[in-house]
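Heads up, the thing below is written out as structure tokens.
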Amino acid sequence: MKATLVAICFFAAVSYSMGRLTETQCRFPVPVTSCAEGAKLRTVYSFNNNTNQCEPLKGSCGEGVNQFETEDCCRRECPYGKHSKVGKVSDGTF
């Protein structure tokens, strides 16, 4: 029973850590894309290195590692900077 509980906790921790991006990935620059004529523009969210938080990016048509459909998704995938739950704000250094 104890071994089963340990295994469940271990796999839960691994799944949680694999479900989000590394801080380096979240701090990737957001690519500037040129949209094709008639392309559907949308608002996406990305982690902004200057403000240390997820922010909206209006008029995007591209995709990238640091682009998310919702702010909640951005915060969940990039829990760094002002979104950190550890009690300290990352200074952005790697």
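Yeah, the Cβs are placed from backbone N, Cα and C, and that goes for glycine too.
The structure displayed is predicted, hence computed values, not measured ones.
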Cys54: disulphide-linked cysteine among Cys26, Cys35, Cys74 [source: Swiss-Prot]: Cys74
Whichever of Cys9, Cys26, Cys35 is disulfide-bonded to Cys61 when Swiss-Prot is consulted: Cys35
Selected from Cys26, Cys73: Swiss-Prot disulphide partner of Cys78: Cys26
Fewest-neighbour residue among disulfide-bonded residues, criterion Cβ within 10 Å, set Cys26, Cys35: Cys35
Secondary structure tally of the domain 'BPTI/Kunitz inhibitor' (26-78) (DSSP, helix then strand then coil): 8 helix, 16 strand, 29 coil
Cα proximity to Cys26 (disulfide bond), best match among recorded positions Cys35, Asn49, Cys61: Asn49
Protein Cβ atoms within 10 Å of Cys54 (disulfide bond), excluding its own: 27
